[in-house]
Amino acid sequence: MAGVEQREGAIQVQGQSLFFREALPGGGQAARFSVLLLHGIRFSSETWQNLGTLHRLAQAGYRAVAIDLPGLGRSKEAKAPAPIGELVPSSFLAAVVDALDLGPPVVISPSLSGMYSLPFLTAPGSQLRGYVPVAPICTDKINAADYARVKASVLIVYGDQDPMGQTSFEHLKQLPNHRVLVMEGAGHPCYLDKPEEWHTGLLDFLQGLA
């Protein structure tokens with residue numbers, strides 16, 4: 001198995017600087033496709049590095065990029081494009097994808113980051129390869145017709161001890177091409193409670209998209 005190359009840096013998005021971390025397959029191996037990892041309000045791209053998710057994804061042949069959302073982590077100086085709990089125009093995440101040259105990515109979106117990812121997911125002509133919502137906020141702000149139009153494959157993930165997970169699932173289940181991973185005994189950041197189950201389920205889902 002080839003090694004993994006890691007780097008970090010900053011991109012300019014709509015006039016603001018956003019920090020990112022990236023892991024790639026080593027040895028000049030071409031990545032299969034890109035995975036963009038977002039995060040919740042108490043977390044940052046460092047969460048995915050410490051958990052080993054970036055490394056595991058790169059090891060499996062994917063380009064894994066985690067950003068720090070505006071106002072959080074090492075993007076603290078950047079101003080959020082909308083108040084917490086309000087939907088951010090899809091153009092914001094489109095600009096992130098463009099700045100990082102990701103191509104059509106899979107987006108992993110826990111909790112707070114739903115305000116960024118859901119408009120991007122449901123935008124007309126969305127270029128998402130896949131979507132992995134982990135109990136995201138704002139699921140009630142998307143209408144049934146917009147959910148029904150989504151063509152991307154979706155893996156809905158949540159912990160069975162997380163009321164928000166069940167609430168968000170009631171909306172997300174309207175996505176036509178979805179499967180569900182419920183983690184027993186896990187809370188809101190279920191990927192932290194059950195990292196092995198998280199990585200196994202995620203890699204299995206990605207394998208099916210290849």
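Yeah, the Cβs are placed from backbone N, Cα and C, and that goes for glycine too.
Listed in Swiss-Prot for this protein:
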MOD_RES   S91  phosphoserine
ACT_SITE  S111  active site, charge relay system
ACT_SITE  D162  active site, charge relay system
ACT_SITE  H188  active site, charge relay system
Using C-alpha atoms, which one of the recorded positions S91, S111, H188 comes nearest to D162 (active site, charge relay system)? H188
Across all chains shown, how many C-beta atoms besides its own are within 10 angstroms of the C-beta of S91 (phosphoserine)? 15
If I restrict to non-local contacts, at least six residues apart, and a C-beta distance under 8 angstroms, what lies near H188 (active site, charge relay system) in its own chain? G40, S111, A135, G159, D162, M164, G165
Have a look around D162 (active site, charge relay system) and count the other CB atoms within 10 A of its CB, chains all included. 22
